[in-house]
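Novice: Before we start, here is the structure in question, set down as structure tokens.
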Amino acid sequence: MIDRYKHQQLRIGPVSPQQISAWANKILPNGEIVGEVTKPYTFHYKTNKPEKDGLFCERISGPIKSGICACGNYRVIGDEKEDPNFCEQCGVEFADSRARRYQMGYIKLTCPVTHVWYLKRLPSYIANLLDKPLKELEGLVYCDFSFARPVAKKPTFLRLRGLFEYEIQSRKYSIPLFFTTQGFDTFRNREISTGASAIREQLADLDLRIIIDRSLVEWKELGEEGSTGNEWEDRKIGRRKDFLVRRIELAKHFIRTNVEPERMVLSLLPVLPPELRPIIQIDGGKPMSSDINELYRRVIYRNNTLTDLLTTSRSTPGELVMCQEKLVQEAVDTLLDNGIRGQPMRDGYNKVYKSFSDVIEGKEGRFRETLLGKRVDYSGRSVIVVGPSLSLHRCGLPREIAIELFQTFLIRGLIRQRVASNIGIAKSKIREKEPIVWEILQEIMRGHPVLLNRAPTLHRLGIQAFQPILVEGRAICLHPLVCKGFNADFDGDQMAVHVPLSLEAQAEARLLMFSHMNLLSPAIGSPISVPTQDMLIGLYVLTIGNRQGVCANRYNPWNRRNYQNETVDHTKYDRTNYRYTKEKEPYFCSSYDALGAYRQKRIHLDTPLWLRWRLDQRIISLREVPIEVQYESLGTYHEIYRPYLIVKSVKKEILCIYIRTTVGHISFYREIEEAIQGFCRAYSYDGT
């Protein structure tokens, strides 16, 4: 149901026949009520005009051309001086042709028909409410057997059948004569019910509150029994308990929405507006029609045939009537959902008819293609790449996309700062991409968030807000920590960018949708912004360092890498020909000096180095034996261990400590340290 003022809600469900007729019926100025489609015709083959009371009737759906009736007369729409406002000859109103997009019609079904969505979809709502097997209900709907309801103290149809089969020969000829008279119909209609009418009677007799109470009592009784020891019986009891829970929830839903269960059986079939099932002409004048038109025609043909059988002849066999009711049911099933749990109906070219369900469901359906996934203004789309220098709440927006998305804001900014005197001059400056344009664009983007969305949007983290910044190239730059929420990676994924326009949308984006405010999963509460893929590989490369330990550069006569001359003349082998060399590992007093040396390309990211560290006794292991001791001329000496180096004085006092590390480790440590300090400052600020 759509609110006519706000248009913010949509509810799909079974509708009463009175509501369908209210949607479709309209009263003409002469008092005639139109809306029922009775003929299976579309356009006349000679005049190429819609047939009266057909699927494209102008009296029901409105004129094809605005203000022009079927006769060709013209009236000005909305002009009160023009009188009357409809044609008395053809009965077509002088209205807007856009009415053919929303004005419905209906088909009055001669026999009730079950809605296939509620019968054959799993779980079957009708089977759940009636607590009967689906196969049994399908046999009843398609007239394979009948539903008996004998009435006490009255002659019954079943008793007469028994007399016909087992009584004496004297009644052998009198009883069949009775079955061909009108009296038989009285007995049959009173005692026997079949088809969708039997389903409707059973649904109408249901008391939903009693169903809830009885199902709850049975569920409790099954729960108190406990395990039987038989695995098959335990599974059977478990399935029955699950069924009772679904039945209770379904009954509560019908009560909560104030929907009567018998509405799942149709007596009036809505007819879509003509513009939603058009007939068009392609090259050569050949008409092409929507499949729904052919399916509607099939329903009308079979429904009219059933009407003729019931009205024109009183001696029509009951089996023939039931067969025709079955055909009407199958035609409506094909219209609503062709091929549901069975073979689909095909046309003469062996092509499957596209039913109403096929039109609205799926990726190319009416909802996802034209209502939910349609193209909107102030939006763009591009490939995402990693932005290693971005903050968590920022994204890189290409200049080409940004200048288009913020063009209206940019024009206003150029005029407001008197750079351009009117819109035309402002647009010309934007086309020429003058430097002042980028400056104003950066100011605009600084106070305007954007929304990034990656399809499919399976949860709320599939669309988040970011602060945009201008970047070069044509790809959207994204922080790798937010990829898990989007279920995205950098192998060619695309994301859409939207600009919130209203103040309410911008406030919602800032307060609820910014990426740094969505660090936890809304479903289970676990961290959603965790390093994955590219970040893990980057951290590994950053901290891997040189795999050679501190002993690698020490003298080892059996290690060929310790010698300069790699080419050895084995004929003149002499160990004295080789000179031992030891690469000097640099010393740094602070991490700033080490990072400065890396920026000056004096050392590499994984170059081992000694970094002076604060005196911390926890670093020193008393049981560890130094690998090497180096003495200086002034009496001081260096004790070299695997992870650290201690400088001691002549009196064996510790002067300073150096740790063995790399520039990658230093950078990683500083990032973590700054993050912890920032968190502590924010926490202390909130606490005060």
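Just so you know, glycine gets a Cβ as well, placed from its N, Cα and C.
Got these off Swiss-Prot a minute ago, pasting:
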{"type": "BINDING", "residues": "CYS69, CYS71, CYS87, CYS90", "note": "Zn(2+) binding site"}
{"type": "BINDING", "residues": "ASP489, ASP491, ASP493", "note": "Mg(2+) binding site"}
Novice: Spatially speaking, which of the binding-site residues ASP489, ASP491, ASP493 is closest to CYS87 (Zn(2+) binding site)? Use C-alpha to C-alpha, please.
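Specialist: Among ASP489, ASP491, ASP493, ASP493.
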Novice: What other residues of the same chain, not counting CYS69, CYS71, CYS87, CYS90, have a CB atom within 8 A of the CB centroid of the Zn(2+) site?
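Specialist: Nearby residues not in the site list: ALA70, GLY72, ASN73, PHE86, GLU88, GLN89, GLY91, VAL92.
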Novice: Which ones in the same chain are close to CYS69 (Zn(2+) binding site), with CB under 8 Å and 6+ residues apart in sequence?
Specialist: GLU58, PRO63, ARG75, PHE86, CYS87, GLN89, CYS90, VAL92, GLU93, PHE94
Novice: Using C-alpha atoms only, work out the spacing between ASP491 (Mg(2+) binding site) and CYS71 (Zn(2+) binding site) and round it to an integer in Å.
Specialist: 62
Novice: Would you count the other C-beta atoms found within 10 angstroms of the C-beta of ASP491 (Mg(2+) binding site) for me?
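Specialist: That number is 8.
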Novice: What is the interatomic distance between the Cα atoms of CYS71 (Zn(2+) binding site) and ASP493 (Mg(2+) binding site), given in whole Å?
Specialist: 57
Novice: Compute the centroid of the Cβ atoms of ASP489, ASP491, ASP493, then list the same-chain residues not in that set whose Cβ lies within 8 Å of it, in sequence order, for the Mg(2+) site.
Specialist: ILE384, ALA488, PHE490, GLY492
Novice: I want to check the contact list for ASP489 (Mg(2+) binding site): same chain, sequence separation of six or more, C-beta distance under 8 angstroms. What comes out?
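Specialist: For ASP489 (Mg(2+) binding site), the qualifying residues are CYS483, GLN533.
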Novice: Counting only other Cβ atoms and using a 10 Å cut-off, which of the binding-site residues CYS87, CYS90 scores lowest?
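Specialist: Comparing Cβ neighbours within 10 Å for the binding-site residues CYS87, CYS90, CYS90 has the fewest.
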Novice: Indicate the candidate from CYS71, ASP493 with the smallest number of other Cβ atoms within 10 Å of its Cβ, considering only these binding-site residues.
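Specialist: If we count Cβ atoms within 10 Å for the binding-site residues CYS71, ASP493, the smallest count is at CYS71.
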